[in-house]
Amino acid sequence: MLMLNKTNWTPASFILSGVPGLEDIHIWISSPFFSMYVVAMVGNCGLLYLIHYEESLHRPMYYFLATLSLTDIVMCSSTIPKALCIFWFHLKEIGFDECLVQMFFIHTFTGIESGVLMLMALDRYVAICYPLRYSTILTNPVIAKVGLATFLRGVLLIIPFTFLTKRLPYCQGNIIPHTYCDHMSIAKLSCGNVKVNAIYGLTVALLIGAFDILCITISYTMILRAVVSLSSADARQKAFSTCTAHICAIVFSYSPAFFCFFSHRFGGHTVPPSCHIIVANIYLLLPPTMNLIVYGVKTKQIRDCVIRTLSGSKDVKAHDI
């Protein structure tokens with residue numbers, strides 16, 4: 001039901017419909033979502049504990065990894081529990097302000113995750129191209145400053161979305177054909193002028209996504225050039241393996257994001273709503289799971305720390321990835 005006044009038509013709540021057209025199989029759709037969510041939560045919480053517990057992991061790369069894990073936990077928890085409530089219990093209603101808060105958290109932490117991936121690429125660039133200066137370049141104060149800058153960038157750029165969305169009149173109903181509240185899904189319910197919303201959304205995408213991808217591309221280009229020049233075949237193979245895994249994680253993070261961004265704005269009726277919504281959920285679930293595998297399981301030092309922790313051994317040996 002809509003609560004309207006003469007000047008601004010604002011719904012008291014929205015209805016999240018889930019995956020339109022696939023309501024009959026919501027319970028089956030929920031199974032992989034739930035499984036990935038459990039893996040992401042347990043794995044990333046365990047990784048945070050391990051990095052905090054193991055002194056050998058108190059290094060710049062693992063500080064960035066801990067930040068990435070914390071970001072993934074918040075990002076998943078902002079959306080998946082509500083989606084599961086829709087799939088399992090048909091609890092589809094969400095308050096207007098609650099919807100805006102969810103939108104803020106989703107967009108803020110996806111932006112922060114992009115920034116952290118960029119910082120991790122720069123970390124690998126310094127480690128491989130300037131190994132002797134690594135500890136002097138990436139000091140704890142530097143890490144704290146770039147981490148804070150990444151966080152503030154995400155928060156400050158997303159805050160205007162809340163006000164731009166809140167000012168709109170909503171006279172086209174209150175049913176959002178989605179499992180969570182995102183900016184464009186809400187804006188499409190408005191009968192007002194959403195041109196400012198669309199322009200600002202594109203601007204933020206360029207300031208965050210395009211800038212981060214450019215920095216990541218430059219970093220890995222420089223890394224690959226340095227790796228090719230290595231004289232040791234084993235060193236080249238090890239570095240290539242690490243870079244390939246990291247690049248795959250980055251591709252898995254950005255591909256669904258680009259699909260969602262462009263299908264919302266340019267897809268029109270060519271992309272089925274069910275396809276868009278499923279990919280949008282994968283966009284929030286796949287990176288936390290893949291980051292855990294690529295940056296956690298495939299990192300030798302973390303594997304060794306897990307084995308020592310499970311076996312109760314206190315011997316600490318430093319290994320680079």
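Cβ coordinates come from backbone N, Cα and C, glycine included.
Per TrEMBL, these features apply:
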DOMAIN    43-295  domain 'G-protein coupled receptors family 1 profile'
TRANSMEM  25-50  transmembrane segment
TRANSMEM  62-89  transmembrane segment
TRANSMEM  101-122  transmembrane segment
TRANSMEM  142-164  transmembrane segment
TRANSMEM  198-223  transmembrane segment
TRANSMEM  244-264  transmembrane segment
TRANSMEM  276-297  transmembrane segment
Requested in this report: Please average pLDDT over the domain 'G-protein coupled receptors family 1 profile' (43-295) for the predicted structure.
Outcome: 89
Report summary line: Contact set of the transmembrane segment (25-50) with the rest of its chain, CB cutoff 8 A exclusive, min separation 6+ beyond the ends, reads 18-19, 57, 65-66, 69-70, 72-73, 76-77, 80, 83-84, 86-88, 278, 281, 285-286, 288-289, 291-292, 296, 302, 305-306, 309
Requested in this report: Might you confirm whether the transmembrane segment (101-122) is in contact with the transmembrane segment (198-223), defined here as three or more C-beta pairs under 8 A between residues 6 or more apart in sequence?
Outcome: yes
Query raised in the report: Which residues of the same chain, at least 6 past either end of the transmembrane segment (276-297), have a Cβ under 8 Å from a Cβ in it?
Result: 18-20, 29, 33, 36-37, 39-40, 43-44, 47, 65, 68-69, 72-73, 75-76, 79-80, 83, 106, 110, 113, 120, 177-180, 182, 245-246, 248-249, 252-253, 256-257, 259-260, 263-264, 267, 303
